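Annotated features in TrEMBL:
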| type | residues | note |
| --- | --- | --- |
| DOMAIN | 342-515 | domain 'NACHT' |
| DOMAIN | 566-680 | domain 'NWD1/2-like winged helix-turn-helix' |
| REPEAT | 880-903 | repeat 'WD' |
| REPEAT | 1073-1114 | repeat 'WD' |
| REPEAT | 1125-1159 | repeat 'WD' |
Amino acid sequence: AARGKPCWRKLFQKSLPVQVVDLHWGIGNYPFGDHEACEISLQEIQMCKRLSAGPNFIALLGNRYGHRALPRLISEKQFEVYLSKLSQTPEGIKQLRLWFRKDTNAVPPTYVLQPITDVDSWHFTETQLLQLLRSAASEAEAEGEITAEQKRSFYTSVTEQELEQGLWIGDHPPNGLLFLRENPKQKKQKGKEWPKRLAKFMDATANVLLDPESQKLLAELKSQLYATSQKTTNLNCVELSRGIIDPKRKEHAQYLDSLCQQFISQMKARIEAVVSLRTTESLKKILGNVEEDEDKLSLVLEEAKQHTTMTAELCEGLHGREGILGKICLAMWESGQKCHSPLVVHGAAGMGKTALLCKVVQEMQRVLETRVVLVIRFLAAHHPQRPALDQVLHSICLQVSSACGLVPPTPMTAGSPTELQQFFRNILEEASQQGYTLLIVLDALEQLAEQHHSHKLHWIPTNLPPKVHLLVSMDTCSEPFVNMRLKTDSLENFFEVERLSRDEGERIMESHLRASQRTLTAEQKDVALQSFTLTGCPLHLKLILSAVQNWTSFTPVTEQLLGNNTEEVMSQLLHRLEHKHGKELVGGALGYIALARNGLLEAELHDVMSLDDDVISEVYRYTHPPTPSLIRLPPLLLARLKRDLKDHLEERWTNGVAVIAFNHRCLSEVVLGHYLTSERQGRCHKILGEYFLGRWSGKLKPVALPGLSLLLSDRKVPPQPLWFAPGLANIRKLQALPHHLLHAGLWEELRQEVISMSYLCYGTSVCGVSSVIHDLDQCSQYMDCTETGLIRDALVLIKPGLDFLEGMSLFYGELLARLSALSVVFPSLVGRLCRQINDWFLTCAEPVLIPKCSFLQQPGGALQHTLNTPNAGKVPRWLMLAAGAEDGGVTVWNLEDQQLLHDLLGHSGHSVLSSSVSLQCRTKWQQPPPPPPTGSLVERLAVSAEVSCLELAQHKRLLLCGLTSGTVLIYPLSLPQETLCIPPPESLSGVLCLAVSPQEKNLAVAYEDSVCLFEMATRDSFPTVEGPLKRFPLSLLHAPLSCMAMLPNRRLLYGTSCGGVVLNGFGGGVSELQPHGSKVTCVTASNWGSHALVGSQDGVQRLWALNPPSLDHTMEHKGFFFHGVISAAFSESDQFVFTGSEDRTIKVWDVASGKLLFVQYVYSPVVRMVTFRNGFAALTLQGSVIREAFRCPDHVSPDYNPLRIIKGQYRLTSRDKNRDVRRTSVSDLQHFNPAQFKLSLMGPLRAEPSSTCVLL
């Protein structure tokens, strides 16, 4: 009902997708021959009120009441009354009978207004018919034969009907705006001069005189609006005495400015309120809020509700099938109290398997116990997209666990196909033991995506526990049916859906027509049944009913054509639509719906058809566009087509929006064959790709129209940012863009837009990493691009960690740590991606660690894939990998496509491989075995005994090696042929640890019974070691030293295996510091000698000020189950301290405040760290060399939480330096529970001893 140009969308397109439905734009004053425009307009208003999250109705009402059209349908009883009142005017009766024909197929019979044959004379004819009907209606009302409301239908304008529908009628509350215009100096005048000047602002008669009846009705309408819609009404006044709106006139300019400001401000306020709500909800999900599991559950419950609603709708159309329905229900009833097999319903496509399953559900709900849990999944509901098996099982497990009060699957379980399938079996057993009755219905198993060989049905349990019913359907000619037969010994649980008989088809037809308040003549019914009998297919019958319900009793026999099968009926439907709407319009609309990845929003379909020059050329073949500089498809044309397709389209809710899609995949296949040649498919994909790129937003697109030269016009399509607002992602673009760019062959755009930092991160956080990997898989199939495959492989390597790690900084950091070494070799995509990530790190508003080398496993190398399995052991053979477990189970993988083949259950208590170790991840390697991930072997150095410790003097380039024999070997790295030796002490005690002073002048060697101090010097350019200069003994009761650090002034800070911490000055005094509760594993001094960090196995770290010794901070971190601190290093300025822990993380702490700043997961314990420029260099237990820089902005948000990205908890206790008292603060993570992580996750986190020691 909003009358204006569709340019309003640009006011709001940066916040939410906005669809402006203005059916009056772009069609001029030419009526459509079918008289359905008013009905379509009212239906569109209902749709807007139902779907819109914000404003749904806008009305601009001036001084014109609007067109008063003839009603398209008049009931037989009313029409006969009107004819009786016109008995004195036979010419009028003749004219009414000419234009209104009786349709006896309607129940009750109805007179139908006939199509317009002459557009030029229609206005005069319509006026005559209205005068006759108004006269007859007035007389009939006076005599009490009709009501005032029935008479009013001949007087009410289309505008008033739209206002009533938008503001007062319907179940959905209105959320609109109303703008009224008044002319304060309007006067009633007679004559011809005044109305001519105001003809386009006011209602005029055929002889261009003011229409007083319309003005009276308009005044009554405005009075009603003032009385009932005060909150939404905006009144504007302007003088129109000259008959035009002239922006150059001051009062007119003020009027236009006031109207625009009111409109924009009020619309923005209403839209921003919706955006704010959605942004808050989306931010919780994207930033890893603790409510994420609840959000997933709510989505699952919403999905379950949609499938339940579909079940009720499909049950209404099922008639007959009593025989097979009774057999299935009886089989379920008899097997309810014992273990049994799944029930299988099979048949050819279109035979009504889905409707039969729904009827079974309806019948069984009546007889099963009250504690029944109903789980229904229609796997073909989102065709052409096929759901993945893990998504379906995860959804089912979440719904069952919620309904039965059971523990839901963890993220780790959901990420492992084997564990998820086992969890599915276990939860069925648990629900049965709890006394619940489960009814799980899976329709169309052949529509599952072919991942993990889901069609082999290894995931379906063949022996179900009592009270658990599994009912599945599949095509008889499909692979799942063959595999199901192989899994089952007996045929008694298989039920075939056969073709319908003629009598069953007739009963279904009569029921459908009765519900639609329609019927058929005997001849028409015979034509329909003859066509149906040829196939007996319910889908064929459904298409026949869709066609015949529009037949009137006077429809010519030549138009009563029905195909002999489903494909022919669909083809005839397309030909009828082309004849009515135009071939390009029909082919374009259906083609875009068929090619869309997940359906199309109506606004998207309207936009892409406005970008299609073939569609636009057909629409404006005989008329010019209203404004040549603004060319779009008139909305009414698309609305008319959608009305004629209402039986073949469905509305799907996905990600909070309603998309249009075909309600059966057969129609999609017919459309593909009828319209979409390979050339046209490429062109349509290109238009869709450019649309989601936002290429034509705000730009002029050329078009050639008949009778006009080449035009540059604005198509008024919205931009397509990745984010509409902070936290509100453009999910439609993230999902659709890669698909359309790929199939359009727009390789360069695909590389620039999809293989970029923003898309990879946002796509992973919003759509999931599996979705992004799938997109890159598709790219690899069509594009010969090595770099795309490398980035895809990097995401595959990252995927296991993303199940418990969250946050953009960790995602970018891990990508950089895997790809940076490849950026030089592959500069165009990998190099550009690495540069984008580095640029993002430089502008990040939070503390971050920036990788400066590749220290994680690179893609494209030996590691090909990570297979998630709870089992252990691996036996490669041919192209399969068998993973054996200690419990006797065996998991078999296909190494070509990394798909799960078999999950075999073994005998309890018997290991498959006695030497296996329980691991959560199995990896596939190319032969030969991989070299160390980083660095290269320079030289092997021989030693005389087992090495107990190593130390490095960086500036003097000395490698110090302590042996269990008590000898210390010193290797000058600049003189590889030379070796220095410190002989063992007289007691022959072994060397426990070594420490070099900050200036590398002294060396401390800790033996089992003493600690000695040596001097390191250089004489004649040759390194020397003299001493021992000093020595202090260790008593027999003294716990062995575990680690130590040299401080300035020859002081030694060391820790023991019992947790003791001692500061010894080699004869200058001994101070025992606060002990730890477990073994001290790390002692590190700062670069400037002002602080020292002492860490222990229990995750406690104490930061000491050394001048004088005083405890500044006690920092405790606990995440997962392993907490011990292994290594540490201070930054160059001593402002930060970096620590490596047994939990395979690197943490960054602020020295001044003791606060935790950042946590990074590096997949292996860091055993040694040294200061390197503005960060550190480190060595992991696996032999990887890490180099990273740390960047911390000057101002960090007070809401920043470093544990947001890696779940854990830390406690900080600090000394108030002014009052010398302790202050304690605990990280705010109320919902963290370490027990929520399964022990199977802990396998890869346990440190394993390295079997090699190499010099890098």
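The backbone N, Cα and C atoms fix where each Cβ goes, glycine too.
Caution: TrEMBL annotation is automatic and unverified by curators.
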Contacting positions for the repeat 'WD' (1125-1159) when only residues 6+ beyond its ends and CB under 8 Å are counted: 809, 847-849, 1081-1082, 1084-1088, 1090-1091, 1093, 1095-1097, 1099, 1101, 1103, 1112-1115, 1117, 1119, 1165-1171, 1173-1176, 1178, 1186, 1188, 1190, 1192, 1196, 1202-1203, 1205-1206, 1208, 1210, 1212, 1214, 1227, 1245, 1247
Same-chain residues at least 6 beyond the ends of the repeat 'WD' (1073-1114) whose Cβ lies under 8 Å from its Cβ atoms: 998, 1042-1048, 1051, 1053-1063, 1123-1132, 1134, 1137, 1139, 1141-1142, 1149, 1151, 1153-1154, 1169, 1171, 1211-1215, 1217
The domain 'NWD1/2-like winged helix-turn-helix' (566-680), counted residue by residue under DSSP: helix, strand, coil: 69 helix, 15 strand, 31 coil
Residues of the repeat 'WD' (1073-1114) by DSSP state, where helix covers H, G and I: 0 helix, 26 strand, 16 coil
Secondary structure content, the repeat 'WD' (1125-1159) (per DSSP, counts of residues): 0 helix, 22 strand, 13 coil
